[in-house]
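> TrEMBL lists 1-35 with the feature signal peptide. Residues annotated as domain 'Cadherin' in TrEMBL: 78-140, 141-249, 250-354, 355-459, 460-566, 571-684. What TrEMBL records for 692-715 is transmembrane segment. The region 'Disordered' annotation in TrEMBL covers 779-800. For 783-792, the entry in TrEMBL reads compositional bias 'Polar residues'.
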Amino acid sequence: GWLFWRVMACGRRSGDRKRQVILFILCVCVCQSGAETLRYSLPEEMERDSFVANIAKDLGVPLSQLAARKARVVSEGNEQLFRLNQNTGVLTAKESLDREEICPQSDTCTLVFKIFFENPLQLIRGEVEIRDVNDNSPVFPEKEMVLKILETASPGSRFPLESAQDKDVGINGLQNYSLAPNPHFSLATGTAKDGVKYLELVLQRQLDREEQGELNLPLTATDGGSPPRSGTAQVRIVVVDANDNTPVFERETYEVRLPENSPLEQLVVRVAAADPDEGSYGEVRYAFTQTSERSRQLFQLNPTTGEIRVAGKLDFEEAKSHKMVVKATDGGGLSAHCKVQVEVLDVNDNAPEIALTSLSASIPEDAPPHTVVALFSVRDRDSGDNGRTECSIDGDLPFSLTPTFDNYYELRTNAALDRERTAEYNITITATDWGRKRLSTQESIFVQISDVNDNPPEFTQEIYTMSVTENNSPMLRIGSMKATDADAGINARVNYALVRQEGKEQPEVSVNAENGDVYILRPLDYEKVRAFEVTVRAADGGSPPLSAQAVLRIVVRDENDNAPVLLHPGPESSAAGELVPRWAPSGYLVAKVVAVDADAGQNAWLSYELAKATEPGLFRVGLHSGEVRTARAVTERDAARQRLIVLVRDRGQPSRSASATLAVALVDGFSEAHLRVSEEAPAAEPDGPLTLYLIASLVCVSALFLATAVAALVVKVRRARRSETETLPTFPTTATESSAGSLPRSYVYDVCFAAGTVNSEFRFLRPLFPCFPAGLPPGPGEQRSSVCSQDAANLGAEGD
């Protein structure tokens with residue numbers, strides 16, 4: 001293989017087509033004379049598609065060349081037993097192989113195959129030895145063997161027994177026998193000159209019919225497998241009265257030659273054994289013993305006359321000879337044995353078989369003479385001259401046959417081709433054997449003359465849409481683009497490439513130049529780019545090359561890689577403070593948690609739940625709104641300070657979450673009227689005219705109140721002549737209650753007119769802000785009021 005590649009490389013560098021052809025012929029000759037055979041082994045009964053060998057590795061051939069050169073495997077015979085994967089170079093068995101079925105009468109089982117390469121042509125021979133496994137147990141022809149032995153038989157007498165048959169070979173075949181312990185018989189085994197093992201029963205102690213007329217001895221045959229297998233038969237010994245003479249055959253061995261086309265019932269041989277005894281002791285009957293099952297199927301023995309006739313179809317190609325043992329037994333149970341050897345003669349009964357191995361369905365019209373068009377083998381299952389073959393081409397065509405080796409022929413061109421004159425050829429090849437009655441077979445080969453590169457590649461789609469999930473791993477394969485070319489050979493070899501566009505950034509995608517696989521180079525971010533398009537060009541290998549383009553659209557799928565972000569309360573505050581009146585009813589809006597998620601789809605669908613609370617049954621959170629409301633009416637027994645943790649979770653897989661902490665203070669002092677007004681009053685527009693009016697009114701009321709307070713203070717100072725100065729509280733800007741239900745951080749005052757009085761007067765109520773009990777610190781964002789309810793009452797009394 002290495003020499004072949006070197007020679008072809010020299011031919012390509014030279015650029016001389018004629019020289020390349022000469023080098024190719026020289027390479028084929030060298031390869032034929034010195035190529036080694038690939039040898040492998042495989043246990044039988046392996047599963048379908050079992051690994052046999054890595055052909056590409058053993059031959060040193062790149063994987064890309066297997067498909068390019070259309071490498072394939074061909075088994076001898078009609079049945080193809082192996083398969084070659086062009087993508088991996090691995091040789092596998094197509095079906096489970098049974099050695100006993102493939103090579104039933106052979107100690108070794110070797111299957112021959114050949115590896116073929118095209119462009120240029122190359123042939124490599126290989127062998128696979130099917131190793132035997134212990135999958136068959138020894139089997140006796142009969143479950144019970146009956147021996148009639150005279151009671152006068154002397155110790156040391158031997159009595160042949162039927163041998164067990166084991167389809168396995170070698171160590172897995174039959175190894176030994178064992179006989180149940182008994183005082184009369186032992187077991188002896190031996191090997192005949194022809195290598196066949198025989199089994200005999202040896203008498204150790206004189207029999208006595210009056211003492212014991214019958215013995216039953218279990219006989220066990222064991223093979224050498226691991227674990228071993230065994231078969232059992234019963235040997236029944238019948239002790240008979242004395243019989244002075246045993247049958248005697250005319251010959252110890254009968255040798256017969258028989259043509260394989262012998263008809264059924266044809267006489268093969270007649271065996272005869274004589275017994276000088278009279279009566280039943282002189283009557284002899286014949287039977288097969290120590291004979292294979294196949295031989296018993298092909299031949300029939302007459303038990304009375306000893307005639308052996310053909311009972312099945314003989315096949316020289318299956319078995320060239322058959323060996324049988326005939327047992328002659330008289331009426332007294334004495335027996336003798338002889339051997340019958342049948343040699344099967346070959347006849348010319350098989351026509352040659354043509355197996356097309358390689359065929360170039362299309363060759364260019366500028367192909368030089370002696371271009372290989374096809375490779376085929378001729379096989380004749382007969383032997384000698386009956387198996388010799390010759391081949392010829394019918395008609396006057398610009399083709400010739402060249403014998404190579406091992407009955408293989410090459411179909412080559414022997415003249416220049418002209419597509420304009422003849423576009424296709426139908427070549428008939430005749431194979432004939434050399435038998436006396438010559439048999440022949442014909443095979444037709446269709447060869448088409450191809451043109452030059454005139455077809456551009458074509459994409460299967462104008463626009464390919466592929467999707468990828470964001471945060472993907474680098475060099476991730478997301479699909480494949482496919483373009484086909486109607487041309488052949490290198491003109492149909494398509495290469496893919498991205499079309500670069502000036503002024504645009506380098507795309508995040510790459511296309512495999514050989515197979516069109518699409519890869520994402522770097523991780524993508526759905527929040528930055530959701531889709532993009534590139535243009536892919538497919539060009540063939542012709543000269544000049546032809547090309548086509550298609551649009552590749554990449555759609556980025558969102559992944560849950562962003563956790564919810566809290567907008568209210570803000571993430572910078574450790575806990576947001578909210579005020580709730582003590583007599584707030586069930587469903588009272590405390591606060592609203594607002595969050596957003598940068599993802600899309602269900603990854604951005606948010607749900608809210610109350611993860612933790614000081615009193616879990618007091619508050620509830622809207623699943624989709626995030627509104628925190630009271631689940632029941634607030635009672636006096638509820639703690640003044642409540643701490644709530646609200647969990648915001650998206651619906652991604654896996655989901656992400658964020659949490660918000662709310663500090664809620666339960667306060668006293670809200671009037672129902674104020675609560676109703678605050679809840680029913682619509683939210684004021686921050687820049688509307690109503691705001692200006694409210695500010696102006698507040699300024700006027702504040703100025704009037706301050707003047708009254710100052711006047712009252714002066715009067716008090718004058719009357720009491722005290723030096724103590726009273727500091728009055730300042731009035732902050734009022735604010736309406738937020739739509740979310742949270743109280744403002746400033747003081748809120750009510751200005752009222754007393755009914756039934758002559759003069760208008762102001763009534764200063766206590767601020768709507770909680771006075772925390774002693775020892776209870778204010779919560780985050782809260783401030784302790786300097787004026788409590790008692791102080792406000794006193795100040796109101798002084799105002800009066």
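Even glycines carry a Cβ here, placed using N, Cα and C.
Describe each of these features in terms of where it is and what it packs against.
Across the range of the domain 'Cadherin' (141-249), the DSSP-based residue counts are 3 helix, 55 strand, 51 coil.
The DSSP breakdown of the domain 'Cadherin' (355-459), given as helix, strand and coil counts, is 4 helix, 55 strand, 46 coil.
Within the domain 'Cadherin' (460-566), the DSSP-based counts of helix, strand and coil residues read 4 helix, 47 strand, 56 coil.
Residues of the domain 'Cadherin' (571-684) grouped by DSSP class, helix first, strand second and coil last, total 13 helix, 49 strand, 52 coil.
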> For the domain 'Cadherin' (250-354), what are the DSSP-based totals of helix, strand and coil residues?
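Secondary-structure breakdown of the domain 'Cadherin' (250-354): 10 helix, 47 strand, 48 coil.
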> I'd like the per-state residue tally for the domain 'Cadherin' (78-140) from DSSP, helix first, then strand, then coil.
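So the counts come to 4 helix, 26 strand, 33 coil.
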> Mind pulling out the one from 78-140, 141-249, 571-684 with the most Cβ pairs under 8 angstroms to the domain 'Cadherin' (355-459)?
78-140
